[in-house]
């Protein structure tokens, strides 16, 4: 399964659902954010 918006992810892009990317700009966690 994939991770939705604001869900925690690792640095791997694949963790997030389609249309989202893994954003690590706010440590300590990486969160999935919308590509738009």
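Yeah, the Cβs are placed from backbone N, Cα and C, and that goes for glycine too.
In the three-state DSSP scheme, residue 2 (disulfide bond) falls into the coil class. Annotated disulfide bond per Swiss-Prot: 2-17 (among others), in sequence order.
According to its DSSP assignment, residue 9 (disulfide bond) is in a strand. The disulfide bond annotation in Swiss-Prot covers 9-22 (among others), and the record cites similarity to another entry as its basis.
Secondary structure from DSSP puts residue 16 (disulfide bond) in a beta strand. Residues within less than 8 Å, Cβ to Cβ, of residue 16 (disulfide bond) and separated from it by at least 6 positions along the same chain comprise 2, 3, 4, 7, 9, 22, 32. Per Swiss-Prot, the feature disulfide bond maps to 16-32 (among others); the stated evidence is similarity to another entry.
The annotation disulfide bond is assigned in Swiss-Prot to 24-30 (among others). If you draw a 10 Å sphere around the CB of residue 24 (disulfide bond), it holds 13 other CB atoms from the protein chains shown.
The annotation asparagine amide is assigned in Swiss-Prot to 36. Around residue 36 (asparagine amide), the same-chain residues six or more apart in sequence whose CB sits under 8 Å from its CB are 19, listed in sequence order.
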* Take the C-alpha atoms of residue 24 (disulfide bond) and residue 17 (disulfide bond) and report the distance between them in angstrom, rounded. => 16
* To do: Please list residues from the chain of residue 17 (disulfide bond) whose Cβ is under 8 angstroms from its Cβ, counting only those at least six apart in sequence.
  => 2, 3, 4, 32
* Asked: What three-state secondary structure does DSSP assign to residue 22 (disulfide bond)?
  -> strand
